[in-house]
Ligand code: CP
Ligand code: NVA
């Protein structure tokens, strides 16, 4: 059975550390290791827009000596109703791994259930585990450790980034706080899974409604768009409830003076984050974006060497 990365808690704490260690090694010399030389083909499929994920997977697979096949999934037969399971069976005969950005998590679960090669979640409505590996790499390079640090996510607590930070952060032994408006709090199953994981790793999980209390003395502040892909026309009023959660200089001043700020990007400047913070000295968002490349190369190397 191949290993997959469908959600962050598919990785044990030891798996996560092994991948992050490899990511650091690959970052030190991005052309040194070519474990996919052959070149081994990997399909990278998109049902939704992407800049970072698309380019970093394409570049990363090439640097590993592999052959990236970037597929607009909606222009494939999937878009005309071929089943996910049949697609998985066929792709498994051609490629060594399937990376997919799609909508509901049930779609990627279905792909993994029928695939005989590793399947990687490149973002679903519920999780964004590749992003959070890059986030953890970025935090670890700034602080030298993950366990024991406190991270606060402010924004849509029910979106992919909130869920992945809960699971990935708890796996790393971090204390993860989520500050979200009423009606936008995390999925109960994800919260329970994150709490269980945190109980094993010495981390913690907390929901804190007041943004000032949520960032008090923390090491890492993370935010994300208030409107995720696919939610543009859902008719929910986000501006009013989310405005008090904006990451601005006044909010940042309440965190630890050495705190860093992460944003997976793309940013909606002036909404969830101000220019001053995103472009300021405590922003690690550009390193975070770069680390997508290294973390995903490490993930693919790790998955394909098993
Ligand atoms: N952060 C992220 O996943 O960016 P893209 O949507 O550009 O891939
Ligand atoms: N939550 C955002 C992340 C984008 C990388 C979205 O799903 O649109």
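Quick reminder: no glycine exception, Cβ is built from N, Cα and C everywhere.
What TrEMBL says about a protein is an automatic prediction, not a curated fact.
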Per TrEMBL, member of 121, 160 binding L-ornithine alongside 224, 228, 229: 160
Arithmetic mean of per-residue pLDDT over the domain 'Aspartate/ornithine carbamoyltransferase carbamoyl-P binding' (3-141): 98
Residue 224 (L-ornithine binding site): nearby binding-site residues from 130, 264, 292, Cα cut-off 10 Å: 264
Between residue 228 (L-ornithine binding site) and residue 130 (carbamoyl phosphate binding site): CA-CA distance (Å): 17
10 Å Cα neighbourhood of residue 160 (L-ornithine binding site): matching binding-site residues from 52, 77, 292: none
